[in-house]
């Protein structure tokens, strides 16, 4: 979970920058004709400028929330994890202390937020602990930054503790807090919680405004509830709220998740014909729409427009090219985008590094994967659950498959919550190597952690049993999954009939299909016909 940008898939939504002192308070003449001293020390302003103007946002595959600056992210350039502007900001804070200027909540929150955006959680926590140790009381911006940070890392218990601490410190959640929670639940596919938080938000007296609608559109689309996302958009229009760039980006992100590239192109055309010019986030969603819609030629053609400068070669778009090429399993194109990013002096973020790690892991390029890991370690990036899942995947397909469970244990030791992908990957590692006892143990742990096994989980067991001629056990798993409310898919039954055929048991394969309705009362006649045709083709 994370504080996500309320819109597009490539966005990140940070807390809005702390307000600057108004002219009336900073330059009002005093009684003797002198100009009064600004309430915020100048060094604080320098820290804020260094942080907000030059630090890259930590992006997630994982969603985003929105800034108030018309959907544009802060500059992603020039942040160097080892010698960049965050270090300069820390030096300025040290100078404040030496000059007798006591750092205040603005100082600490600005530093904390900067480290969070850069993916340097250890530094952020150190700033917060120092803040509390010197008796500086956090404000709501401080809490929002911590909520976002813990959510990004899947540390849900810590995140909710921060939310509870808001009231203990006599603060109240603000619109950013609520929008963050909506985005977090949306990112994790928890549509009922999204609806519940929205209701609680309204009970607390908050009226939905444009950013909230944008967040809801994004949240429901992340849950796969496209119809609900569009219903929110309709409600927004009916409420008289005028769509802005962020709204369009939220809609484009929703379309992208479904691979609806044709509709995405139409929305972009509408934006270009109207008064809302698309930005890098709009084009980023188009790239994701092409990737998810398997329109690789269109994606590559648009990539060339970006590289050539026909479309502004923005850091967001280069990072998106790393993501979409990685998930499309295009190694050369992924490396090209990553090298172009580095050539331009743009620091990669955790999402970009995870994308590189993912494709190297899938390709079993262990040395390359460890180069990325070493870079993350040297530059103090905090690994996310996606990082660990990619490592588990890589080892699950290798001779060192037991390493997958070791990584799962490391995730748990760090206080993170593994997801279905984590457990399914370790289950696969053991099933692939015939270690069914260990696979069953991980399956039990998965259920004990309150995660519901999905069709991928069950299909792994079914395929393994069928490959070992243990058809009775495979059918028992089918029976169990149906009883648990998990609907079999084509792969479920393909595994069984395919292995019957591979083992020269055509009669048993046909018999299985003819009696399938007894096992699965909801199986369709079309599915039965498909399976019989599959058997016939394998024997032709």
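The backbone N, Cα and C atoms fix where each Cβ goes, glycine too.
According to TrEMBL, the feature region 'Disordered' maps to 1-38 (among others).
Taken from TrEMBL, the feature compositional bias 'Pro residues' covers 13-22.
Annotation comment: TrEMBL describes 54-81 (among others) as region 'Disordered'.
The average pLDDT the prediction assigns to the repeat 'PPR' (104-138) is 88. TrEMBL lists 104-138 (among others) with the feature repeat 'PPR'.
Annotation source TrEMBL lists repeat 'PPR' at 139-173 (among others).
The repeat 'PPR' annotation in TrEMBL covers 174-208 (among others).
Residues or ranges marked as repeat 'PPR' in TrEMBL: 209-243 (among others).
Positions annotated as repeat 'PPR' by TrEMBL: 244-278 (among others).
Secondary structure of the repeat 'PPR' (349-383) per DSSP (helix as H, G, I; strand as E, B; remaining residues coil): 26 helix, 0 strand, 9 coil. The repeat 'PPR' annotation in TrEMBL covers 349-383 (among others).
According to TrEMBL, the repeat 'PPR' annotation covers 384-418 (among others). Residues 60-62, 152-158, 350-351, 353-354, 357-358, 360-362, 364, 366, 369, 373, 376, 425-426, 428-430, 432-433, 438, 442, 449, 451 of the same chain, all 6+ positions outside the repeat 'PPR' (384-418), place their C-beta atoms under 8 angstroms from a C-beta of that stretch.
For the repeat 'PPR' (419-453), the DSSP counts in helix, strand and coil order read 26 helix, 0 strand, 9 coil. Per TrEMBL, repeat 'PPR' is recorded for 419-453 (among others).
Sequence-distant contacts of the repeat 'PPR' (454-488) (same chain, at least 6 residues past either end, Cβ-Cβ under 8 Å): 420, 423-424, 427-428, 431-432, 434, 436, 439, 443, 446, 495-496, 498-500, 503, 508, 512, 519-520, 522-523. Sequence annotations record features per position, and here TrEMBL assigns repeat 'PPR' to 454-488 (among others).
Using a Cβ-Cβ cut-off under 8 Å and counting only residues 6 or more beyond its ends in the same chain, the repeat 'PPR' (419-453) has close neighbours at 154, 385, 388-389, 392-393, 395-397, 401-402, 404-405, 408, 411, 460-461, 463-464, 468, 481, 484, 486.
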